[in-house]
Each structure stands twice: as structure tokens, then as C-alpha cells.
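Participant: Have a look at the structure that comes next, please.
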Amino acid sequence: MKNELEKVMAGRDMTENEMNMLANSIIQGELSDVQIASFLVALKMKGESASELTGLARALQKAAISIPTNLTNAMDNCGTGGDRSFSFNISTTAAFVLAAGGVNMAKHGNRSITSKSGSADVLEALGINLYLPAEKLAQVFDKVGLVFLFAQNLHPAMKYFTPVRRQLEIPTIMNLTGPLINPIPLDTQLLGTSRPDLLELTANVLKGLGRKRALVITGEGGMDEATPFGLNHYALLENGEVTLHKFRAADVGMSEVALNDIRGGEAPENSEILKNVLENCSSAFLETTVLNAGLGFYANGKVDSIKSGIELAREVIAQGAALEKLHELQAEQIG
């Protein structure tokens, strides 16, 4: 640990193997909270590298509980969190739209770290069981084409990181790693990050981890979602190549809304917002959801443009299919 910490503090990147070995030491309970915290802060101050992200992701992925699903072509739209926008649960709401549109959604998430309501919090408020065993989760996914995978339940190794992260109260490499370690192997991914400086790097990490197609997005003001206001930047992984792009709401046929109009609250309030969106109630919440679901359809390769993805998202919601997908999950991910 000392050598690795000194290396990072000197501004030098760890190799993938060095990070993998250090992560395994943490996972095996060999380091104290103070050592883990000092390491996370040092990495943040230096700036995380692709090799460090990949090494940590591979170690945590290997330690995760496997989900024995029969479905292929799985996708996730989990974000890094940590943007402190206090928005409603955008990616969680969009996941129902994506699943209703035919995308096999393995929604990976956690409780709130820096916001009022994480994806796990809002889904628990909707009656979703966070603690089903892996075999049952696989059955839910195979039947519904959507499942919520509670990170704390499926990543036993996280118990060594979570107390430290809560005490630090700042985004760390763990925020960046969380979306990379879905227990179900992913073919495609929409990943929101609050770090626009890491768009290209993260897309290349996803490439190294085997994603066939992926889109990494940062919204206006560093939101880890696409925003229907201001400028969005994204990196697209397509055909093995990473390209950088940007767009505004008007570029994809949408009107702008204000950040204040998409702020959420605690889990009960956010669960009502989610249901209202899936019921097609006109609002800034709905507009933000169709934008992010549209981006997800594009990331998945189901449509050939973001604008076409937005149109598909509106259609899925208007037909009631997204609300029905919520009801399906509520009926299956229980007990």
C-alpha cells in the first residue's frame, strides 16, 4: 500500500495490474478505513487513469455475485452520481421506458451517497425488493426484460468502501467504477458522468471491458445525465472507435426546461414523479426522461439518431408500455 500511495501522490499512474492487486487487498480486508480513504483522496487529487479504472473494475467485477440469466444483449444506464443537482431519478425512470421499448435493461444502482434519493431508494419506495437472491433476479430479468440489481447486495466487496465514501462525502474513483461493474455482462451501455474531462477515457475503458457500443454523457453544469437545457457533451463508442460530440435540446427537436423544474426530493416524492412520467403527465420531468431514454435507445443501437430515440421514447410512454413495465417489475421483483 505504501509504495502505491507514494506513486499516486507523486502524480504517477498505477498500472492495471498494480490497481488490481491493491483492490484485491482491500477486498480481502487487509487495509484500514484510513488507508482506503487516503488512497481514494490521493487518486482524486492526481486524476484517475484508464488503467486504474480498468484494474479496479476488473477486481470488483470478479468479486461480484454472478446472475445466471439466459438473456443476452443486456444494457445498463447507470450513472456515476455525485453531481449534487438534486434532480429526480432520471436514469431509473428512463430504464422503464427503455425496457418497454425492447431493450434488456439490467439496471444497476445503489442507495444515495450525495443526493436525497438513489435508484435503490426510489425503487424500494415503489415496492421493489432489493434483496432477492441471484437466481431469482435472473428469473425476473428473463421474464420481464428488466431487473434492478442492488449493488450493496451483489458486491460484497463494497462493504470495505461504503463507510469511507459516506464519511468523505465527495465523488471518488468509486463513483466512476460503479457503473462499470454490473453483475450481468453488458453488450451496450449509457453511462452518465459528472466529469466531462473523463468522457473519452471512460468510453475507452468501456471498450476495454468488452462493450460493443456505448455512450458516455455529461450534461450542462456537470450533471451525470443528458439535460434539456444548456450544452451536453458525449463520447460515443461505435465500431471500436470513440468519437466526441455535443448537442443542445434544440438540436434534437426539444424545447429547453430549467434545472429547478427537474429537481426531486426524498424517495417517496421521487417515486410519485416516476409514476407521473410513466403515466405521460406533461412536465419537465417527462421531457428530461424522454431525452435520456432517447439517448439510451441510440446508445443501444435501436435507432440511428438521438432524435429518433426521443420519438420512440414518447411513443412507448404514450402507449402505456412503460407504465406496464413498472407494473410487471412490481409483480415479479417481490417477496
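Each residue, glycine too, has its Cβ placed from N, Cα and C.
Per Swiss-Prot, anthranilate 1 binding site is recorded for GLY79, ASN110, and the stated evidence type is sequence analysis. Residues or ranges marked as 5-phospho-alpha-D-ribose 1-diphosphate binding site by Swiss-Prot on the basis of sequence analysis: GLY79, 82-83, SER87, 89-92, 107-115, SER119. Annotation source Swiss-Prot lists Mg(2+) 1 binding site at SER91, GLU225. Summarising the annotation, Swiss-Prot assigns anthranilate 2 binding site to ARG165 and lists sequence analysis as the type of evidence. Feature annotation from Swiss-Prot assigns Mg(2+) 2 binding site to ASP224, GLU225; the stated evidence is sequence analysis.
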Participant: Rounded to an integer, what is the Cα-Cα distance in Å between GLU225 (Mg(2+) 1 binding site) and ARG165 (anthranilate 2 binding site)?
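Facilitator: Between the Cα atoms of GLU225 (Mg(2+) 1 binding site) and ARG165 (anthranilate 2 binding site), the distance comes to 22 Å.
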Participant: Helix, strand or coil at ASP224 (Mg(2+) 2 binding site), per DSSP?
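Facilitator: Note: ASP224 (Mg(2+) 2 binding site) is coil by DSSP, not helix or strand.
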Participant: Including all protein chains shown, what's the count of other C-beta atoms within 10 A of the C-beta of ASN110 (anthranilate 1 binding site)?
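Facilitator: Around the Cβ of ASN110 (anthranilate 1 binding site), 22 other Cβ atoms lie within 10 Å.
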Participant: If you measure C-alpha to C-alpha, which of GLY79, ASN110, ARG165 (binding-site residues) come within 10 angstroms of SER91 (5-phospho-alpha-D-ribose 1-diphosphate binding site)?
Facilitator: GLY79
Participant: Might you list, by sequence position, any residue in that chain lying six or more from SER87 (5-phospho-alpha-D-ribose 1-diphosphate binding site) with a Cβ less than 8 Å away from its Cβ?
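Facilitator: SER87 (5-phospho-alpha-D-ribose 1-diphosphate binding site) has long-range Cβ partners MET223, GLU225, LEU259, ILE262, ARG263, GLY264, THR288.
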Participant: Tell me which of the binding-site residues HIS108, ARG111, GLU225 sits in the most Cβ-dense spot, judged by other Cβ atoms within 10 Å.
Facilitator: GLU225
Participant: Please report how many Å separate the Cα atom of HIS108 (5-phospho-alpha-D-ribose 1-diphosphate binding site) from that of GLY79 (anthranilate 1 binding site), as a whole number.
Facilitator: 9
Participant: Taking the Cβ of GLY79 (anthranilate 1 binding site) as reference, which residues of that chain separated by at least 6 in sequence fall under 8 Å from it?
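Facilitator: SER91, PRO179, LEU191, GLY192, THR193, SER194, ASP224, GLU225 - these are the non-local Cβ neighbours of GLY79 (anthranilate 1 binding site), listed in sequence order.
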Participant: Under DSSP, is GLY79 (anthranilate 1 binding site) helix, strand or coil?
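Facilitator: Note: GLY79 (anthranilate 1 binding site) is in a strand by DSSP.
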Participant: Reported as an integer number of Å, what is the Cα distance between ARG165 (anthranilate 2 binding site) and ARG111 (5-phospho-alpha-D-ribose 1-diphosphate binding site)?
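Facilitator: Checking the Cα atoms of ARG165 (anthranilate 2 binding site) and ARG111 (5-phospho-alpha-D-ribose 1-diphosphate binding site) gives a distance of 12 Å.
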Participant: Tell me, how many other CB atoms lie within 10 A of the CB of ASP224 (Mg(2+) 2 binding site), whichever protein chain they belong to?
Facilitator: 26
Participant: Fewest neighbouring Cβ atoms within 10 Å: which of the binding-site residues SER91, ARG165?
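Facilitator: Minimum Cβ neighbour count within 10 Å, taken over the binding-site residues SER91, ARG165, occurs at ARG165.
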Participant: In the three-state scheme derived from DSSP, which category covers ASN110 (anthranilate 1 binding site)?
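Facilitator: ASN110 (anthranilate 1 binding site) sits in coil per DSSP, no helix or strand.
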